[in-house]
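Everything on this sheet refers to the single structure shown next.
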Amino acid sequence: MDPGFSVDEIAPIAILMDELRSEDVQLRLNAIHRVSTIALALGPDRARDELIPFLQDSIDDEDEVLLALAEELGRNFEEYIGGPEYAHLLLGPLENLSAVEETLVRDKAAESITKVAAVMSQPQIEQYYIPLLQRLSKGEWFTSRTSACALYAAVYDRVSPPIQDELRRGYAQLGSDDTPMVRRAASRWLGSLIKKFAKQHVLSDGLSIYRKLQSDDQDSVRLLTVEDLIAIVQALSPPEIKEQLLKQIRQTVSDKSWRVRYMVGQHFNELAEAVGQELVREELVGHYVQLLKDNEAEVRSAAATQIPGFSKLLEKEIILARIVPCVRDLCQDNSQHVRAALANQISGLAPLLGRDATIEHLLPLFLHLLKDEFPEVRLNIISKLEQVNTVIGIDLLSESLLPAIIELAEDKSWRVRQAIIEYIPLLATQLGKSFFDEQLGNLCMSWLGDNVFSIREAATVNLKKLTEVFGVEWAKVQIVPKVVGMGQHPNYLLRMTTVQAISTIAPSLTLDIVSGDILDTLLQLAQDPIPNIRFNVAKSLEVLALTFGTTAEATLMQMSVTLLRRHYRKPMLWRPELELEIMVCLIEDAFIAVRFSVGTAFLPSCTFGLRVCMVRTIYQSLRISL
């Protein structure tokens with residue numbers, strides 16, 4: 001043992017070393033997660049002198065451990081070794097991790113290296129980071145060269161111009177590497193590096209690297225150059241784009257690989273916004289139509305997601321002449337995924353076309369998609385009808401689409417029915433009470449008896465929203481009697497829905513309505529033979545107690561006396577003992593959860609002495625049950 005250190009001083013690093021050498025992977029992983037704590041215990045000096053060299057020399061064979069180490073070293077670990085002036089010491093272990101075979105470990109190590117670089121000074125970067133970057137870029141194994149591609153952009157604008165020249169030359173070599181994986185990484189990170197280039201270097205160096213990668217024989221490399229193209233276009237003026245990149249744009253859009261065309265379709269709006277209005281009209285409209293008519297369904301789906309965004313860059317006449325015919329064809333597409341993508345975006349054209357053109361060209365397409373056999377298509381078109389409503393008005397929308405909406409209310413897909421339910425409050429706001437009661441009132445109540453619980457639950461929430469839209473008096477006439485009537489239904493699911501509906505809509509009602517038929521119904525259901533219904537009655541009573549508990553205690557208790565009087569069908573005057581009697585009647589239920597929930601609901605409203613009795617009753621009842 002070194003006489004300069006005590007046992008307590010040596011213990012942390014010794015424990016770490018022992019655990020990292022353990023055969024148990026989980027033990028090694030736990031040790032790595034505690035490495036910052038160990039560094040704190042060692043202190044900055046010993047962490048630099050002992051811990052960092054140990055981590056650099058000990059490369060685990062388990063990828064999970066290596067991934068954890070790469071992540072830990074990127075979490076402000078320089079604070080444990082003396083601050084940013086010593087941050088370069090972390091580059092050693094991270095350099096080793098950047099060359100391992102597992103991609104996740106390399107990516108995390110590269111990410112941590114860029115985080116460390118962010119706290120390093122320019123002298124540190126030029127003295128320590130640049131040599132590391134050069135070693136990785138010239139590494140014998142492709143893994144190190146792949147990691148190097150991610151490290152250029154982080155420091156390019158923080159070094160001197162001569163070093164910047166070296167970095168551009170080094171990246172150009174990676175872009176011409178013999179290994180496809182390295183070229184793929186170069187293509188992936190080129191866009192972020194080009195954003196750091198001065199304009200003259202974009203034209204002199206960035207374009208040459210991009211053109212080399214864009215013409216690569218591997219489509220996995222070419223597809224990543226789409227984002228590089230956008231980065232270059234954003235750095236150039238429209239005349240420079242037309243002169244330097246028009247050929248590459250045409251080649252990319254017409255690439256022989258559908259994967260490349262798919263990437264173009266996904267990023268087409270970004271490209272269009274960057275090239276300028278003139279090139280959009282002259283070139284990109286034709287290319288976009290080409291993508292909408294592509295042979296591959298995946299490409300057509302990707303292009304369909306860009307319809308509203310790209311159309312914003314066009315005049316109304318061009319949209320009607322070039323885009324709408326393609327949209328009409330996509331409505332009849334053989335692929336359900338293409339139709340679903342279109343249904344999710346087509347409503348975005350309505351504000352661009354205006355009322356008359358929407359009615360003439362888009363409304364028939366909406367109706368067609370609403371009747372599509374694929375549920376997702378119907379769901380997507382329903383969820384975006386609000387945009388159409390703002391353009392053509394609710395009158396025409398309800399006249400045209402209401403029959404289809406009513407038909408979809410009984411759709412075999414419960415997700416479609418749920419989407420219709422969520423759209424009803426908006427529709428109710430626009431339709432008004434009388435029209436709603438006539439056309440949709442019975443439909444809303446029928447959802448309470450749906451076979452799917454999510455639909456019944458959504459239906460109760462829908463009733464609450466409708467109450468907020470039309471008012472309490474409307475709910476008293478149109479909702480409460482029908483909900484209360486379901487409490488007598490022989491099907492226990494409908495009786496359960498009654499209780500849940502009461503719990504949901506009660507906060508939106510007044511005390512007078514609740515103390516009327518609703519409490520009476522809850523009392524009857526409290527004697528239901530189904531334990532789950534009694535349990536939910538107790539939960540509903542808790543909601544009522546919390547909602548109306550701010551009223552006078554005598555009022556709440558009088559509600560309970562009225563409830564008890566109706567239950568026993570005999571006159572009864574208010575006495576304090578009745579408060580306990582009411583609760584005991586509900587507590588002495590055979591279902592243990594009901595006892596607990598009712599106690600929770602009514603205990604806050606009791607006097608102190610009765611709360612003591614209540615707790616004693618619950619305790620005795622629980623003890624008997626258990």
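Residue 1 is the first one shown; counting continues down the chain.
A Cβ is built for glycine as well, from the same backbone N, Cα and C atoms used for every other residue.
For reference, TrEMBL has these:
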- 90-128: repeat 'HEAT' (REPEAT)
- 206-244: repeat 'HEAT' (REPEAT)
- 245-283: repeat 'HEAT' (REPEAT)
- 284-322: repeat 'HEAT' (REPEAT)
- 323-361: repeat 'HEAT' (REPEAT)
- 362-400: repeat 'HEAT' (REPEAT)
- 365-510: domain 'Phosphatase 2A Regulatory Subunit A helical' (DOMAIN)
- 401-439: repeat 'HEAT' (REPEAT)
- 518-556: repeat 'HEAT' (REPEAT)
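When pLDDT is averaged over the repeat 'HEAT' (362-400), the result is 78. Residues 52, 55-56, 59, 63, 66-67, 69-71, 73-74, 77-78, 81, 84, 135-136, 139, 141, 143-144, 146-148, 150-151, 154-155, 158-160, 163 of the same chain lie 6 or more positions beyond the ends of the repeat 'HEAT' (90-128) yet place their CB under 8 Å from a CB of it. DSSP states for the repeat 'HEAT' (284-322), grouped as helix (H, G, I), strand (E, B) and coil, give 29 helix, 0 strand, 10 coil.
Across the repeat 'HEAT' (245-283), the DSSP tally of helix, strand and coil residues reads 32 helix, 0 strand, 7 coil. Secondary structure of the repeat 'HEAT' (206-244) per DSSP, as helix, strand and coil residue counts: 31 helix, 0 strand, 8 coil.
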